[in-house]
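J.: Here it is, the structure, as structure tokens.
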Amino acid sequence: MVSYSKISTNSLSSLLLFSMNNTDGYPLLNGPVNLYPDPASPEWMNKGDNGWQLIATTMVGMQSVPGLVILYGSMVKKKWAVNSAFMALYAFAAVLVCWVMWAHNMSFGAKFCSILGKPGFALSQKFLLSEFNGRYIPTADYVYYQFVFAAITVILLGGSLLGRMNFYAWMLFVPMWLTLSYTVGAFTIWGGGFLDKYIIDYAGGFVIHLSSGVAGFTAAYWVGPRQAHDRQHFPPNNIIHMLGGAGFLWLGWTGFNGGSPFAANMIASLAILNTHICTATSLLVWVSLDMLGYRKSSVIGAVQGMITGLVCITPGAGIVEPWAAVIMGVMSGSIPWYTMMILHRRSAFFQSVDDTLGAFHTHAVAGLLGGLLSGFFARPNLLRMMYPYSTYGPGLMYCIHDGKTKVGLQQMGYQIVGALFIIVWNAVVTSLICILISRIVDLRMKEEDLDIGDDAAHGEEAYALWGDGEKMSTQIRWQNPRIPSICRRQERSLVLEM
């Protein structure tokens, strides 16, 4: 009888008995043939974990393409639909190329300094097809998964800049921000940096959402505001499509938080359930506050409440209990609502910066809130299951219960330090990037192009309709000389107006 310790981790291993080795050196199993190890499925790889990881990662990718492409293209004024959607699509493609060329290893490779890894290719077969850190999946899964995280971070940041940023400046901004800002946050908190052993950030409350919200707000300051009439009147051009994009975002979060354990295990299941509980609660709280404060239930408000719930649960999805997810949902539906709907309108500081989709409130505020609440509600046994070799302290609530308040306060202190690092680094580096790009190209489109929108930026329009900024021919030529009588009066009025 042959014993392999790693194969014993497979969920089916208790039902399979190992027998003699075959001629290729792989063990034969008394079970389905497709479970036999072979050159493409070595004995260290768990097919269930690998399959789930690929599905989860693809779900995260679909949050961006088509999720945020549809959401952004629908949530803005009609004349900015193409430009907004294309900003998301371009960022997704640009991040992937940069990620495998140098950014992955800067985020998760060999240590260069306490906040950054050494740049390098993530393209070799030897690297991609090797076992990932004892997780029973190929390293290619990890590269793919971390890429979609990086891509959605940049796209979320772009939500603050819709409706006025020069697309050529955006083309430069994406690789520069990924290289100089995102990689530092990822390495510092996840990849072996000086905060890696101290910060609880299950799936990116700090690394992804706090950084995108702060960086987006900072970049919005440097790019400048939209035109006054756009800023005052910026209705979504298609609310139904907006809800479709939001749906991709919500359901895609199943992979966002469910894929973080890199295994199809109990933590993944709990994380998925907590994600949807918190999101639904947050949406309902946001809509309720809209009805109490404004006597109407806003569809856009419901989407904002959905997003804040998704963001808030992310840093603690797999390490808090469902009742805590409900509390986090209540807070993520109320605190960001207050900062966006009340504080933003009363604060001269917030009014001075044109954050188009309110990413500061939905991502920075909700991400910070989620990171702090994760440090409060993190359950000890769930932490041990998720991080068996870590030194993370339990949540403050459990420490108080066990008479270890000092340990809990220390963990909360670490969470605050991690948040401050992300805030300061992103504010400073994003400012430097914007200043540098402004020396190369204009950050903001020209005023005459802002009047037109998509047609000026890309020579394309979202809908074949007149008005709202599209260029019109100076001469109307009727192809059919026989015009119905009902149209003649309209034709004469058009010619007189010209």
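All positions are counted from 1 along the displayed chain.
Backbone N, Cα and C atoms are what each Cβ position is placed from, and that goes for glycine too.
Curation plays no part in TrEMBL annotations; they are all automatic predictions.
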J.: Need the matching range: TrEMBL marks transmembrane segment on one of 110-130, 236-256, and I'd like to know which.
T.: 236-256
J.: Give the nonlocal contacts of the transmembrane segment (236-256) in its own chain as ranges (CB under 8 Å, at least six residues past its ends).
T.: 55-60, 62-63, 66-78, 81, 203-204, 272, 275-276, 279, 299-300, 303, 306-307, 310, 314, 462-463
J.: How about the transmembrane segment (416-437) and the transmembrane segment (202-224): at least 3 CB pairs under 8 Å, pairs 6 or more apart in sequence, or not?
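T.: Answer yes: the transmembrane segment (416-437) meets the transmembrane segment (202-224) with 3 or more Cβ pairs below 8 Å.
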J.: Hey, does the transmembrane segment (52-73) touch the transmembrane segment (202-224), meaning at least 3 C-beta pairs closer than 8 angstroms, sequence gap 6 or more?
T.: no
J.: Between the transmembrane segment (356-378) and the transmembrane segment (142-162), are there three or more CB pairs that fall under 8 A, provided the residues in each pair are separated by 6 or more in sequence?
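T.: Between the transmembrane segment (356-378) and the transmembrane segment (142-162), which are separate recorded stretches, there is contact, as judged by 3 or more close Cβ pairs.
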J.: The transmembrane segment (356-378): which same-chain residues, six or more beyond its ends, come within Cβ distance under 8 Å?
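T.: Distant Cβ neighbours of the transmembrane segment (356-378) are 72, 75-76, 156-157, 159-163, 200-202, 205-206, 208-210, 212-214, 216-217, 220, 226, 234, 304, 307-309, 311-316, 319-321, 324, 327-328, 331-332, 335-336, 339-340, 344, 350, 392, 394-398, 408, 411-412, 414-416, 418-419.
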J.: Average the per-residue pLDDT over the domain 'Ammonium transporter AmtB-like' (52-463) and send me the rounded value.
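T.: Looking only at the domain 'Ammonium transporter AmtB-like' (52-463), pLDDT averages out to 95.
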